Amino acid sequence: MKLDQYINPATFHSQNLLRSYAHLLNSAGDQKGKLLVRLGLAAISALLFGISIALLYPFFISLETGSTDAYWALGKIIVLLLIAILLRMQAETYDTKGYSNLAIHQLRTELGEKLRRVPLVLLSGLRSGEINAVLVQSINEAAGFAFTLMNIIVHALCIPLGAVLALLFLDGGGRFALLICLLLPLIAPLYLWRRKAFRRGFSILAEANSRLKAEAVEFTQGLTVLKSTQQLSSKQNQFNQVAEDVAKIQQIGTKKGEIPNLIITSSVQFALLVILLLGSIWVITGSSHWLMLATIMILIARVSDVLNFFVQMASLLEMFMISSEKLAALMALPELSQKQAETLPTSYDICYENVHFTYPQQKTAVLNQIDFCLPEKTLTAFVGSSGCGKSTLLKLLLRHGDPEQGRITIGGVDIRHMSQSQLMSLISVVFQDVYLFQDSVLNNIRMAKPDADDKAVIEAAKLAQCHDFISQLPQGYATQVSDIGTNFSGGEKQRLAIARAILKDAPILLLDEPTAALDTYNELAVQQALNALVKDKTILIIAHRLSTIVAANQIYVLDKGYIAEQGTHPQLLAKQGIYARFWQKRERL
Ligand SMILES: Nc1ncnc2c1ncn2[C@@H]1O[C@H](COP(=O)(O)OP(=O)(O)OP(=O)(O)O)[C@@H](O)[C@H]1O
């Protein structure tokens, strides 16, 4: 297995330590202030804890000498420990009071908002499973561990620091303080080396996991198609392969992680052993008190625990970094400019002015020199062979992306100078793939106009020829779409989409010829529904069957992204060009 296939160059690059920690802090978003305060409390608590260990020395001495100072020394230790515990409990409120959950929620909302502003043509190039993985898992990892991780780091630094500071003031403690200061920082290069290895491993695992999720989403969503095309087993093999890779990567990661882990924890133990050895020599030679060594041994046991825990948990930092980079990559996607038009257009003629458009994932333009004006309240049909750019032409009017050259206007207003919701208030869409949400049938229609009352929704359903089949559902309009799953026929879904459009009653209507794939009964019903919808609208229709657009006010024939011909049906037939050939061919079928 080639691990490199799972290295995503967009998200994998090494991060210096300080930047990683800054990232960690910033992941708290608006909760950053609360996080900083609590980290401050955790740091003071750890310092006090370190100091209280060092204060064991005067306590031991007073015990040995039988001095009454023992109570005073013990009292100081107990008070310090109590304050440390209280501060630590207060610090933990970052998680227990739900601030980390607020940070997660904020990040998720920000990403949701961001995805709304990213051109759909860009998002459609990403696999939905991978976006899900970021929205659900990466965000949890990116914001949920901020306090835990920083708290571990704070403890690993502040407990030895507190002890060292206190030792400096104790009789004979200075040399131990110096020794700790000399030896413990030597672990830093080992930590950095281990970090690099872990980072690569985690990056590969994260990428493989996110591909596995994407495969799982595609596999479950595409079950019907896969079965009908007998591709089920080949897709399943593909899924199994990625799942197997994930398992192997985890195995390799565990093995590879074990050695650096062992080396670094052994080094911590070794450094502490050196302190112990030298301390023993100092005691034997009489230059240090044996009770100082006993205190240092207690300190060593505690510091060794804290450092080992830090080493074990520091891999969480790599997981965090991978997740936050995935998040950052989505957050860095370019956005469509959003402007709020002061006045909305009052006429609905639509002009494409010398429009050129290239999909972000492609090199050559899909649309070139598209230049036309469609008078309002007319019906315009677009025809052309598959892939010539008809759908893209309509998607640009919906601002799934902006042309790299030229502009599109409605009633003279550049659509880039309107907000997305202003633009959408002008346009209804009936495309072939109708998406029904996990909600009641009533609400699925109402979503086109959320403030519509039930009566208006049912009226629209009646006009769209939906009322009869909805009335036969177990709970009529209240039936949940999830309860009946995909039981709606293609024609019924089309009519539900038409009901939405009738309810919305927008002045512009985009149709991807809805009757193209229907049987005669459904075609008739959808045609009747359409008749109720199209009155007095500016209509742009992608025509798959030319017989339905004979009466169109104008027909544009697209060829390889250019407008090749234009005119009415009789004019185009007279031209004896592409349209005439289409017509002859299709009429013969
Ligand atoms: N999201 C996308 N990303 C990249 N390329 C795309 C995308 N959508 C469409 N294309 C490409 O753009 C070209 C035009 O596609 P479009 O869907 O506009 O054609 P069409 O004329 O509507 O085809 P059809 O009649 O088959 O629906 C095709 O080559 C298609 O592969």
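Note: Cβ is positioned from N, Cα and C throughout, glycine not excepted.
Bear in mind that TrEMBL entries carry predicted annotations, made automatically and left uncurated.
Since we're looking at a predicted model, the values are computed, not measured.
Annotated transmembrane segment per TrEMBL: 35-58 (among others), in sequence order.
As annotated by TrEMBL, domain 'ABC transmembrane type-1' applies to 41-319.
Tertiary proximity for the transmembrane segment (70-87) is limited to same-chain residues at least six positions away from its ends with a CB under 8 Å from its CB atoms, namely 41-42, 44-46, 48-49, 51-52, 55-56, 58-59, 62-63. Look at TrEMBL and you will find 70-87 (among others) tagged as transmembrane segment.
Away from its own ends, the transmembrane segment (145-170) comes close to residues 21, 24-25, 27-28, 35, 38-39, 42-43, 46-51, 53-55, 57-58, 91, 94-95, 99-100, 103, 176-177, 180-181, 184, 292, 299, 302-303, 306-307, 309-310, 313-314, 316-317, 319-320 of its chain (Cβ-Cβ under 8 Å, at least six residues beyond either end). Annotation source TrEMBL lists transmembrane segment at 145-170 (among others).
Annotation source TrEMBL lists transmembrane segment at 176-193 (among others).
Per TrEMBL, transmembrane segment is recorded for 262-284 (among others).
Counting residues 6+ beyond its ends, the transmembrane segment (290-311) has Cβ neighbours under 8 Å at 49-50, 53-54, 56-57, 60-61, 64, 152-153, 155-156, 159-160, 163, 170, 172-173, 176, 180, 184, 187, 191, 194, 261, 264-265, 268-269, 272, 275-276, 279-280, 282-283 in the same chain. Residues annotated as transmembrane segment in TrEMBL: 290-311 (among others).
For 350-585, the entry in TrEMBL reads domain 'ABC transporter'.
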Report the mean pLDDT of the predicted model across the domain 'ABC transporter' (350-585), rounded to a whole number. 86
